[in-house]
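Here the structure is laid out as structure tokens; the discussion comes afterwards.
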Amino acid sequence: SAPPTSSRLRVSGPCFVLQMLLIILFAAFVRYSPDPSPGLCSPQHNCSSRRNPGSGSYYLRSWNVHLQTLMGFGFLMVFLSRYSMESAATCFLVTAFAIQWALLIQGFLYSFRNGKIYMEARSMVRADFCAGAVLVSTGAVLGWGNPLRLLLLSLLEVPLFSANEYVLLHLMGVRDSGGSLTVHTFGAYFGLALSWSSREHRAHRTEQQRDTGHPPDVLAAVGTVCLWIFWPGFVSATVAAAEPWAELNMYVAMAASTLATFVMSPLLQRDRPCMRQVQDAAVAGAITMGMAGEMLLAPFGALVAGFLAGLIPPLSSRFLVPVFGRRPGIGDACGVHGAHGLPGVLGAMLGTLLAALATADAYGDRLQVAFPRVADGSRTATYQALCQLCALPVTLLLAVLGGSASG
């Protein structure tokens, strides 16, 4: 039977109110930028000597970001068979609201001039990254977070994500083009902290959340293919360098991480690896390259990092997820700790090491792209590495405190 009217209004009412509020705020503040789009390069980048950002490749890279957010993250949300189609619909709800809300919040931070927010293509890419972080957090509470709760989650997380990103990338000068810290680590630990702080309210849903049956492997297969197609473009969308370092490092790391799950999974369980595990391995390898992808990392280094990242999801599934599930403490329905959180931390450690080793002799002209503040002499490589390292506790602090308060 159809749900009662009061139950339906509980969702449709807030959706209507929030959408009307966004329309009013957009009408009051948001305008299209009158200037030609500066492209996807970060304001810190010096792109004058690089390719024209208005070329067709620029738009192709921005499409990769949109498609990865909707399709790549969307297929990650069908982990619980009981909620698979509902979760896919929720993914679109969260994405649709988070993008609009992020355009406003980030607009006030990055492009607010003369009382107006000037929106351009780069604004949408930043909003997609923000929506990705919210979707990662959603994975931790999948199965008990109804649409209204997830709307509130988006409403609270987007400003905190934007504040963390602004502190790291603009105030501290941290390099994280693919979002190892800003997107995946922040989103994972925000969701885990929210799950822990709201443990009493979801205690009666624990058994349902653990669900129960396996989703069709075809969904995981489609999701994995989407990851391989779109994630390299997603990570390299904010990289100014003409050379496809980020894409190449990404593909190499994903290949090694995929092989790693076939090494570790049979040792930890009797059955052969399924597509869900392959999907997690590809995600972990990609996330590890988020920060280090644009840095000077030899192909063998990307292979080593990807292989180590691919070991994390099966180990986490075998040893950490059972600990979380023994009592209604920290819920982690989609395993975001092993697939997003820990690989993001590994990526931050790798980025710190590579920043400490950055020299003009090794990078040449590319140093201006990878580490502009080191290239112009305003900071040393050691100081840049220290900033990269300090970004991790800053992100964890904001994510845990923000997630706990939101819960």
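The backbone N, Cα and C atoms fix where each Cβ goes, glycine too.
Checking TrEMBL for transmembrane segment across the ranges 62-78, 181-197, 368-384 points to 181-197. The stretch from 12-30, 248-269, 281-312 that makes the most Cβ contacts under 8 Å with the transmembrane segment (345-364) is 281-312.
Long-range contacts of the transmembrane segment (385-405) within the same chain, counting only residues at least 6 positions beyond its ends with a Cβ under 8 Å from a Cβ of the stretch, are 137, 156-157, 160, 163-164, 167-168, 172-176, 181-182, 185-197, 291, 345, 348-349, 351-353, 355-356, 379.
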